[in-house]
Structure formats: structure tokens, C-alpha cells
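Annotated features in Swiss-Prot:
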type	residues	note
DOMAIN	39-369	domain 'USP'
ACT_SITE	Cys48	active site, nucleophile
REGION	145-168	region 'Disordered'
BINDING	Cys186, Cys189, Cys233, Cys236	Zn(2+) binding site
Amino acid sequence: MEILMTVSRIASICTMGANASALEKEIGPEQFPVNEHYFGLVNFGNTCYCNSVLQALYFCRPFREKVLAYKSQPRKKENLLTCLSDLFHSIATQKKKVGVIPPKKFITRLRKENELFDNYMQQDAHEFLNYLLNTIADILQEERKQEKQNGRIPNGNIDNENNNNTPDPTWVHEIFQGTLTNETRCLTCETISSKDEDFLDLSVDVEQNTSITHCLRGFSNTETLCSEYKYYCEECRSKQEAHKRMKVKKLPMILALHLKRFKYMDQLHRYTKLSYRVVFPLELRLFNTSGDATNPDRMYDLVAVVVHCGSGPNRGHYIAIVKSHDFWLLFDDDIVEKIDAQAIEEFYGLTSDISKNSESGYILFYQSRD
């Protein structure tokens, strides 16, 4: 196994230079963006799930800028964020415009910190994204807490934090966090109660031959609570039938949408992939916002897509397509190619015979214009 992987890696390295020079020629010296670098990432056996998410995040500019800024801060004890900032800095400061980098330090740290990723099985890109964002937020909050205790920054809201157990938001929250409001209306007394909950990404169900807008409408469809699922109404002081729906109250700077393409099939006793065709537009506006939403008319542009290739969650491959300036690129581990915007349609999914292998959008990253 190790010998085969080594041979495969050597063969791959032999083609890297050719791919890099071809990409540089295709973009052209005059069109090549200033201070931009396009570097593939070496796959360490099963790390395409990680590589694809890292490439998508690198081209979410607000996130990249914060990670690079973190690199310039006083040196800290090694953690997942220091390893990520080292990787991003290594890409951003390369003398060459295109090439390949091995994210070995980051992968080693990831496997050390979480046993879920410490093996050579295929992992879920969405699980990794969730873990990475939450871990970075935890690191930043812990560092801020330590700085307050050491007196390096003013106490600010430290008493407030201790009382409410709600730490100050980090730049991860500033970039990715939105707020959902869960509205429940009692059908007896018409009283509406609402409860807010924050999210870093939204997971939406998928159906055949639909669009992201349709999926989001389905996410916010009104649900009737009846029979054994009746709602306890505080006004009526008893269980009543009610209508329930989820709407977006605060729209994030970057909206990460996870398409729930893996479904457990009882008859098969395993998860299977839903390769349904789901159209995701280059521009998006959310229509499932609450009445008191901030910036309900906010427009989003698609900046990155993590694509799953294959027929199931535990096998297959992940790639990323990203928008950089005015063109699109496909990152397939160490291979980087320029693609036409029209080619994105190839990643919507299949219209028929959905049991076939497919290359279908799995995580979408939309960045707001304001």
C-alpha cells in the first residue's frame, strides 16, 4: 500500500511542473492577478476532503485575510490555526505564481488533534469544515480569555461573559455566523413564540431537478405540529396544535450551504448518495428571511464549491472549484486547471440514473457583496 502510494506520488510530481506552466500560459501574464497564487495541495492518501475545503476557504477572501493576519501576531504554541496560517502564508508568499505545496504540517496536526481524521479512510468534507471552523473559534476565544487574564487587553465584557457564558464573537463568527429564528404559532390562541439560534453553515435537504432557492424554501416550509408532536403553549398552558417554521434572521457575510446528499437507506443498511440535479446560481438572494431580518435584500456571489465525486460517502473523491477575480479554477489535489463559468453546470448533479457516479456540488460558499 505504502509503496503504491509512493510510486503514485512520484508519478504525480512529474506532471506538476507541466500542469503549472500550462495554467500560467492559459491565464496569460497580462491577465494574471497581482499578488495571487494558485497552488495545488499534495494528497496524503485520503486527504482530498481536507484539500478541497482548504482551497475553498483560501478563496473566501475575508477568511484568508484573517488567517494571514493571525500569522503576523506574536508566535503562539502550535495548534490547528497556527498550522493553517503557516500553510496560507506559504501559499501567499511563494515566488512562483503556480505550483504545488504539501500541507503536511497541517494534516499531521489535524490527525493528532482528532482521531476521526487519523486514518486512511475517506472522510466527510462537511464534517471537516464544521470541525475546522469551530476549532478555530475555540482557539481564538481561549486566547482572548488568556489575554484578559494576563491584563494584555482591557477587561471589556469579561464580567458579562462570565455571567452569560457567551464569549465574545470571533472573526470566524463575524464571517460565517448567521442567525435562524424558529417561529411557532399556536393554532388555538394564535400566540407566536420565537427562539433564535446561530449557525456557521446551513444544511438543506435536496430533491430531484430543483434549485438552491427551492431547497431554501423547503428549509423554511411551515410544519404542522399535531398528534403526539403537539406544542406546549405557555398561554394556553396545555399542548396544542401549532405551525412551526425556520427563517433566517441575520444573514452572514459568507453563507456556507451544505447539500444533504447522503441519506441512510434502511433497506440497504447504509448511507447512499443522492446525486439529484440541484442548480446553484452564480448570484443568490435569500427569500426565506424573517420580517425583522437585518439586510434581507443582501445579494451573494458564488465564490467556491466543494464537489463530491462518486456514489457514496465512504468512497469517491473531493475537488474544489473557486472563483478568483474574474475566472474560475478547478483544484483537484495537486492539479489546478482554469475552467469556463459554463462548466459549473456539470456539477449540478444527475437528471436520471442517480445511482451512477456523479460529480455534484456538496458545499457552496456564497459571499455577500456588502
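Every residue number used here counts from 1 along the chain in the order it is shown.
Including glycine, each Cβ sits where the backbone N, Cα and C put it.
Distribution of Swiss-Prot features across the structure.
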residue: Cys48; record: active site, nucleophile; contacts (Cβ under 8 Å, 6+ apart): Gln122, His317, Tyr318, Ile319, Asp333
residue: Cys186; record: Zn(2+) binding site; contacts (Cβ under 8 Å, 6+ apart): Ile192, Ser193, Tyr231, Cys233, Glu235, Cys236, Gln240, Glu241, Ala242
residue: Cys189; record: Zn(2+) binding site; contacts (Cβ under 8 Å, 6+ apart): Cys233, Glu235, Cys236, Gln240
So which one is it: of the binding-site residues Cys233, Cys236, which has the fewest other Cβ atoms within 10 Å?
-> Cys236
Additional residues around Zn(2+), ordered along the sequence, whose Cβ is within 8 Å of the centroid of Cys186, Cys189, Cys233, Cys236 | Leu187, Thr188, Glu190, Thr191, Glu234, Glu235, Ser238, Gln240, Ala242
Three-state secondary structure, which DSSP defines for Cys48 (active site, nucleophile) | helix
When pLDDT is averaged across the domain 'USP' (39-369), the result is 92
